[in-house]
Amino acid sequence: MSHRDTLFSAPIASLGDWTFDERVAEVFPDMIQRSVPGYSNIISMIGMLAERFVQPNTQVYDLGCSLGAATLSVRRNISHPDCRIIAIDNSPAMVERCRRHIDAYKAPTPVEVIEGDIRDVTIENASLVILNFTIQFLEPGDRQAILNKVYQGLNPGGALVLSEKFSFEDAHVGELLFNMHHDFKRANGYSELEISQKRSMLENVMLTDSVETHKARLRQAGFEHAELWFQCFNFGSLVAVKAGEQA
């Protein structure tokens, strides 16, 4: 059961860096719905993208799966024989709850939930890979390498879904969308104190890139086709397709 996010409703004397610990995992569904505009749309559309791209006898990877929302969306929308979903997260608290969520919804497609570092995972025979608000928590120097690995592990015709919070090269646009995102959080019941304290904890661990930077990395990895398919304020999602025909 998800609880309402009140983690930052009272002043915290010493704010450390953000971690996806048990306290965050417990309120995460409420937190992300109230903090990330368009999150539900992205999750449901990932299921539709899975219908289009997932092939029989292949694997789907959900890298940085948190509580498994994207995995469950994929699973609801595919029924291919000999298909498998591999969901990976480095937070023990998230992995434990993700396994519970997966077990609660029975479906024919098997899911393996792994506690581990996505930088160490071997990707192979993939028809779909999901990086849903994950890259922004990696060290900038590690980001190109994970995209290179995804590209190499995708079958021809396979796709990567890359969702992120964005920064903007145009400072005026960046400020407008930043302020609109804060309006969104206020409208969802977060106080100025909650918004400020969470931002302070995230600022050293969540380092955002522009859409242009993401596209440049995807091109460098080898993706011939990459485009923004969804955006709400300073959050959005790209889809990148590896050239070639699906088997």
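The chain as shown is numbered from 1 upward.
Cβ from N, Cα, C; glycine included.
Predicted, not measured: the structure shown is a model, and the values here were computed from it.
According to Swiss-Prot, the S-adenosyl-L-methionine binding site annotation covers Tyr39, Gly64, Cys65, Ser66, Asp89, Asn90, Asp117, Ile118, Asn132, Arg199, on the basis of sequence analysis. The Cβ of Asn132 (S-adenosyl-L-methionine binding site) has Ile42, Ile46, Asp62, Gly64, Cys65, Ser66, Ala69, Ala70, Val161, Ser163, Ser237 as same-chain neighbours under 8 Å, each 6 or more residues away in sequence.
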Binding residues Tyr39, Gly64, Cys65, Ser66, Asp89, Asn90, Asp117, Ile118, Asn132, Arg199 (S-adenosyl-L-methionine) - maximum C-alpha distance in whole Å: 25
Cβ-Cβ distance under 8 Å to Tyr39 (S-adenosyl-L-methionine binding site), same chain, at least six residues away: Ile32, Gln33, Phe235
